[in-house]
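Annotated features in TrEMBL:
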{"type": "ACT_SITE", "residues": "GLU98", "note": "active site, nucleophile"}
{"type": "ACT_SITE", "residues": "GLU102", "note": "active site, proton donor"}
{"type": "DOMAIN", "residues": "18-212", "note": "domain 'GH16'"}
{"type": "CARBOHYD", "residues": "ASN106", "note": "N-linked glycosylation site"}
{"type": "SIGNAL", "residues": "1-21", "note": "signal peptide"}
Amino acid sequence: MVKIYAVVLVMFFNILVASSAGNFNQDFDITWGDGRAKILNNAQLLTLSLDKTSGSGFKSRNQYLFGKIDMQIKLVPGNSAGTVTAYYLSSLGSAHDEIDFEFLGNLSGDPYILHTNVFTQGKGNREQQFYLWFDPTKDFHTYSVLWNPQSIIFSVDGTPIREFKNLGSRGIPFPKNQAMWIYSSLWNADDWATRGGLVKTDWSKAPFTASYRNFNAQACIWSSGSSSCSSSRSSSSKEAWFTQSLDATGKERIKWVQKNYMIYNYCKDTKRFPQGLPLECTVAS
Ligand SMILES: *[C@@H]1O[C@H](CO)[C@@H](O)[C@H](O)[C@H]1NC(C)=O
């Protein structure tokens, strides 16, 4: 009971924080799409669109080195087959780090796939895919990345779906030195996105539109070679998110999601890794 009460309080607090958060003009730049990306409603709403000529995208103004980053997204409704809405954090260069959410569209009524990946030092191949337990096109839902020195936790509406632990002591690289920007884009990927490329984009349904709101980052902002978290004593490095890890409830939730909604896990794909599964898959956690 106490736990449920606490969860409700936390949810309420999150809503307050999110609604007082910054606006899209302050936090993001539209980077491509020639007018197809729009910032609306006093900069409280951002929409991306895709038509036969082009998709569109945006990028954060800040670079982050650790953070708890929430975004509410409402995905392309109706027949979204062939479209991909990517929402991710990434640094630059061939040895970049990256934390990915990609939403693979589908025919009306068929389920989206939430595709996730983690790149460290330019190397990915760590895909996990999920169905969602709701229709992500009907309403906004919160997609979060908690990235701190101990782990990366992907969550959907506060439910953790995936954890990538810092196993640096076991020789597995972990993103901890390269600041990342937040990116999102909506584009056509009908060569692979829906049923492996079998279902193509129906351009008669264009333009396709995805919407964003309530961006909230509790994060260490990286600027001119220094972090906002190390520059002052009272800052984020002392905040709860910086040391947060999965508690017992979180571990149960992640198991529930992985049991009921996970449709692909690279850690189980022995055919793909005939020489042996990646090390992080075999280290006891
Ligand atoms: C689309 O729907 C089909 C049929 O239910 C399903 O097999 C597939 O995983 C769904 N998602 C994508 C992105 O292909």
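Numbering starts at 1 and runs along the chain as displayed.
Glycine too: its Cβ is placed from the backbone N, Cα and C atoms.
Cα spacing between the residue listed as 'active site, nucleophile' and ASN106 (N-linked glycosylation site): 25 Å, rounded to the nearest whole number.
As a whole-number mean, the pLDDT of the domain 'GH16' (18-212) in this prediction is 96. Its Cβ taken as reference, the residue listed as 'active site, proton donor' is surrounded by 19 other Cβ atoms within 10 Å in the chains shown.
Taking Cβ-Cβ distances under 8 Å and a sequence separation of 6 or more, the neighbours of ASN106 (N-linked glycosylation site) in its chain are SER80, ALA81, TYR112, ILE113, THR194, VAL199.
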